[in-house]
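What Swiss-Prot records for 40, 46 is NADP(+) binding site, and it gives sequence analysis as the kind of evidence. Residues annotated as FMN binding site in Swiss-Prot: 129, 130, 131, 257, 258, 302, 317, 318, 319, 320, 321, 343.
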């Protein structure tokens, strides 16, 4: 089983990740990790932090001669902004200067609850770990699972369908064409846009909306589409709640900072339709697997992959730090006050789509390993190919 942990504060010396359970024998190049980190940093509407950081991961263990060796993989990403925070974020030295405590929480952020839960008199420790800066470590860790899945013929891609009022959720013909080439083709096309949209008109509308929000001191959220191609039938199970594939994928997406909703297939539209208009009918032709003309289930039925493209949708709320702050209060005096302002982005939806690709990768990798078993890549692929052959045999007449 692949699992990972991250550590580090937003303005601490570094972010770290430990990845355990990665099979041996997987070829990994530095760019497999660093290209994903670079994708995460892009996107129209990002703040000044992205001008400081140039994220690259140092590999401290678990890889030898360019291949995984089955032991835990340790990754570290330097925070270049640390040099500006050595006093405020010192681990042991007591600062000689007085550092004012932050006591005015931001609505929509972890500030108030985190401060009370952990007994802080200052919001700073909450801000540092709750920050989406942590996702840099996650993207690095999960990039390893993406490489593993590629060896198994599974690709993950994403694009942004809406930012604020701009965009539309309906699938475009261009999206379907790109998916036929594999989900990675979809991501490459989205990466060509500064907002990761596929349609030029929507891109221009999104840029204008972000510009307006920035001018108003406001922020914007949006909707992200994630697609996974090449997933064989039968990953996941209905047997126990904690092994359900759809539940695990949804949990992974909801673990991303500011993601507040997840949809699989066209779930919310399905809820308003009769079953006769929802369920993906199956058609059989001699000597071939069943064919479906729709994919409203999003590639998952009974919490198992059904062989179709897996389609996930995530809703990201607007970032909680506004340059035109909302009403709040000062916890030290219990008096009304405008909320605290922290350096932040106007819109991070494009980056969130890249993070979404990352976090679903270990879920799919574990579902695959649960089906095949095995400790090294060659063994796993041999078993996967045998399983695929057995599926094909089932459908032979």
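Each residue, glycine too, has its Cβ placed from N, Cα and C.
On the structure: features taken from Swiss-Prot.
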| residue | record | contacts (Cβ under 8 Å, 6+ apart) |
| --- | --- | --- |
| 40 | NADP(+) binding site | 55, 135, 136, 139, 351, 354, 355, 358 |
| 46 | NADP(+) binding site | 345, 346, 347, 348, 351 |
| 129 | FMN binding site | 9, 10 |
| 131 | FMN binding site | 9, 10, 257 |
| 258 | FMN binding site | 132, 221, 316, 317, 318, 319, 320, 348, 352 |
| 321 | FMN binding site | 106, 109, 219, 341, 342, 343, 344 |
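Here the binding-site residues are 317, 319, and the one with the most other Cβ atoms within 10 Å of its Cβ is 319. Residue 40 (NADP(+) binding site) carries a helical DSSP state (H, G or I).
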